[in-house]
Amino acid sequence: MSSYGNSVRVTEARRVAIFGGTHGNEMSGVTLVNLWMKNSAEIQRKRVETKPFITNPKAVEKCTRYVDTDLNRAFTPENLSATGGDDLPYEVQRAQEINKIFGPKGSPEAYDVIFDLHNTTSNMGCTLILESSKDHFNLQMMNYIKKAIAPASCLVLLNEHPLLKYSTSRSVAKHPVGLEVGPQPQGVLRSNIFEAMRVILKHALDFIELFNEGMEFPPCTVQVFRVLERIDYPRDANRNIIAMVHPNLQDCDWEPLNPGDPMFQTFDGKTIRYQGTGTVYPTFINEAAYYEKQQAFTTTRREALVASAIRKV
Ligand SMILES: CC(=O)N[C@@H](CC(=O)O)C(=O)O
Ligand SMILES: [Zn+2]
C-alpha cells in the first residue's frame, strides 16, 4: 500500500543511456562519455544498465557542431522513416541508427532514460532541459537533483512550445533529459564546467537507483522556466545583423528582463529596448551556435509544476 495514496506508477528505469557529442564541439559531454566508455564504473548503479554513447562521431572528429545538418533537430518522423540509405545527409543516417539502437522512438522497446550532454557559450550555469510538463518521473528527478546539489543550483528549462520544440536525439527515450552547462566556448574544456556536469549526472543516476529499489517519492513542486519566444538580432533590409546583445543583458541569463530594459546595442551605439508586455527570463543569451538559427536569446516565463508522487510498478 502506498503511503501517498495515489502514486503514479512508473516502470523501472533499467536501460539508461548517456549521449555525448550530439554536437561535436561541446567538449564536456564528448570528454565525459569517452572517459566512461573506457571505464564505466562511475556511471553504473544497481538494477540499471547505463550505456555511454557518442552520437555524432564524425562531428566529434572534426570538432564541429555537425557535418551535414544539426543532429539535435533530426529525429523527426519523416527523417526516421526516410529511404535513401547512403544518399541521406550523414546526421539523418545517424538518427536512424540511433533510433534502432535506443528506440524506436515512441515504442515500449525504447530506452527508459537518455541524458544528452551539451555545452553552451551562454552564462546559463547548470540547466536541465525537459520536453514535457507531464512526465512525473522526470519532474521528480529534477526535484531530487536540485535538492542534492544545493547550495549550488541548477535550473530547469521546459521546452514544450508547439512551434519552437524540436526533435532531439534524447527524444528517442521514454524520459528524455537534456543537460546544458555553460559558459564554455566551443571546442574548449573548462574544468569547472566539466565537473559541474559530472556531479549532475551522479545525482541523476542515484535518483534512478533509488527509484528502481522501490523508493516512493512524495508529491512536490518544481520551479521551471517555460520557453516562450525566440528573439532574433536586429537586421537591416539585407538581413545582416545591425546590433549586438546589450552589455546590460550579456551574461544575465535567467535574470528578469522587463519592458523598457536594454536588449541590444547597435554598432553606432544606440540602445534597443525590450518591448514585451511583462517580465520574462531570457536564456541562451548570445549562444554561438544560434547565430545560424537567427536567435539572439530565448525568453521564458517562470512556472511551478506539480509532480505527483511516483513509485515503480
Ligand atoms: C547550444 C545547444 O546546442 N543547445 C541545445 C539545447 C538542447 O539540447 O535542447 C540545442 O540547441 O540543441
Ligand atoms: Zn549542444
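Cβ coordinates come from backbone N, Cα and C, glycine included.
According to TrEMBL, the protein has these features:
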- 13-208: domain 'Succinylglutamate desuccinylase/Aspartoacylase catalytic' (DOMAIN)
- HIS23, GLU26, HIS118: Zn(2+) binding site (BINDING)
- ARG65, GLU180, TYR290: N-acetyl-L-aspartate binding site (BINDING)
- ASN72, ARG73, TYR166, SER167, THR168, SER169, ARG170: substrate binding site (BINDING)
- GLU180: active site, proton donor/acceptor (ACT_SITE)
- 221-301: domain 'AstE/AspA barrel-sandwich hybrid' (DOMAIN)
Cα-proximity to ARG65 (N-acetyl-L-aspartate binding site), 10 Å cut-off, over binding-site residues HIS23, GLU26, TYR166 = HIS23, GLU26
Can you check how the pLDDT averages out over the domain 'Succinylglutamate desuccinylase/Aspartoacylase catalytic' (13-208)?
-> 98
Among the binding-site residues ASN72, SER167, THR168, SER169, point out the residue whose Cβ has the most other Cβ atoms within 10 Å, with all shown protein chains included in the count.
-> SER169
In sequence order, those binding-site residues of HIS23, GLU26, ARG65, ARG73, ARG170, GLU180 whose CB lies under 6 Å from ligand 2 | HIS23, GLU26
Most distant Cα pair in Å, residues ASN72, ARG73, TYR166, SER167, THR168, SER169, ARG170 binding substrate = 11
Let me know how many other Cβ atoms fall within 10 Å of the Cβ of HIS23 (Zn(2+) binding site).
-> 27
Cβ under 6 Å from ligand 1: which of the binding-site residues HIS23, TYR166, SER169, TYR290 qualify?
-> HIS23
Based on DSSP, name the secondary structure state of ARG65 (N-acetyl-L-aspartate binding site): helix, strand or coil.
-> coil
